[in-house]
């Protein structure tokens, strides 16, 4: 570890410890995400059999938790150590990674706005693939149920999308009790019922479509999300701006600290 003592140039303690404080939060959050993800995988037996990760055709939400945890842990660690040890390499890595993530967010937002039909098709395909794996993973099941209950929707484009799942398929070959039904999260809740009826969606699609509206949500989740976005555009924009400002603030701190360190080293060279 190198310490620098110069009358003309010195590393600002304010920027140094502000950057450290900024990153310690992300580092601890990354540790929490990693711990939660590994615990969830241990509960599902994935840690003892990693082939289960590739065996699921849909999305395992735990993978997202672990990916976010790894990114936050790595960047938080690089920022903390880089600030404390005045390590330019770690600080440049941290700064470059934040810039890359920021530019990636802008590019994704711009392309999503520019190619809305393509995005809609990919979301539809993604949702249908996860419907197929609905019963294969409890975390994925809970995620889809939450999405349908919160948005009062059923399936990607409608209740018939549940034919993609072998348990809910209306095929005559299926012997599942859930055949030609929908998950309970598609059902319109009854305020008088305090206990959730998990069988409320049984056989509902055997009835005529005119009867569905009295029992289940008939709007697809893609349409529900498309309707939700304009209503909450200020909230979405506010969250995006807040995240962007945090990233810009981190970039500013890192660049300022790098400049201070380089100035001190330049002064030492003379």
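Using the three backbone atoms N, Cα and C, a Cβ is placed for every residue, glycine included.
Note that TrEMBL annotation is computational and uncurated.
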Transmembrane segment per TrEMBL, picked from 211-232, 233-254, is residues 233-254
Could you tell me what the rest of the chain brings near the transmembrane segment (91-115), counting residues at least six beyond its ends with Cβ under 8 Å? 23, 74-75, 78-79, 82-83, 240, 243-244, 247-248, 250-251, 254-255, 257-258, 261
Under 8 Å Cβ-Cβ from the transmembrane segment (62-84), and at least six residues away from its ends along the same chain, one finds 16-17, 19-20, 22-38, 40-41, 44, 46, 53, 90-91, 93-94, 97-98, 139, 250, 254, 257
Taking residues 6+ outside the transmembrane segment (20-42), which of them lie with a CB under 8 Å of any CB in it? 62-63, 65-66, 68-80, 83-84, 94, 139, 249-250, 253
I'm trying to understand the geometry here, so how far is the Cα atom of residue 186 (disulfide bond) from the Cα atom of residue 154 (disulfide bond), in Å to the nearest whole number? 5
Out of these disulfide-bonded residues, 153, 154, 170, 186, which one has the fewest other C-beta atoms within 10 Å of its own C-beta? 170
